[in-house]
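Novice: Quick one: structure below, then a few questions.
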């Protein structure tokens with residue numbers, strides 16, 4: 001009896017989640033009157049017959065095409081479309097008139113943490129003492 005109640009509760013939760021009316025998915029039938037109990041296979045067959053489930057199967061024609069770029073397209077010159085954020089650079093622009101600082105080419109002069117990120121420069125005085 002407890003397993004029957006838990007099966008009905010599970011079915012009710014699934015139906016409530018997907019928004020299907022209960023009578024459409026599993027019609028209420030008294031098991032004593034017909035001599036048969038509706039098993040899980042009958043419920044699966046009823047579920048597969050639904051049009052929404054058939055559309056979401058892989059290989060169906062109802063699949064939506066995804067856009068390749070998260071940026072909205074913008075009309076450019078000559079009617080061509082280009083993504084809005086394609087022209088933006090990921091680099092931080094240097095302020096105008098500022099002198100560019102040259103980066104250290106020798107990476108062995110930096111301290112590295114356990115994640116492979118550098119966090120400071122090694123000092124020559126410590127290396128000579130140590």
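Cβ coordinates are placed from backbone N, Cα and C, and glycine is handled just like the others.
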Novice: Which stretch, out of 100-109, 110-119, is listed as region 'Essential for receptor binding and receptor activation' by Swiss-Prot?
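Specialist: Within the set 100-109, 110-119, Swiss-Prot attaches region 'Essential for receptor binding and receptor activation' to 110-119.
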Novice: Whole-number answer please: how many Å between the C-alpha atoms of residue 119 (tyrosine amide) and residue 110 (phosphotyrosine)?
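Specialist: Between the Cα atoms of residue 119 (tyrosine amide) and residue 110 (phosphotyrosine), the distance comes to 7 Å.
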Novice: Around residue 119 (tyrosine amide), how many other C-beta atoms are within 10 angstroms of its C-beta?
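Specialist: By my count, 9.
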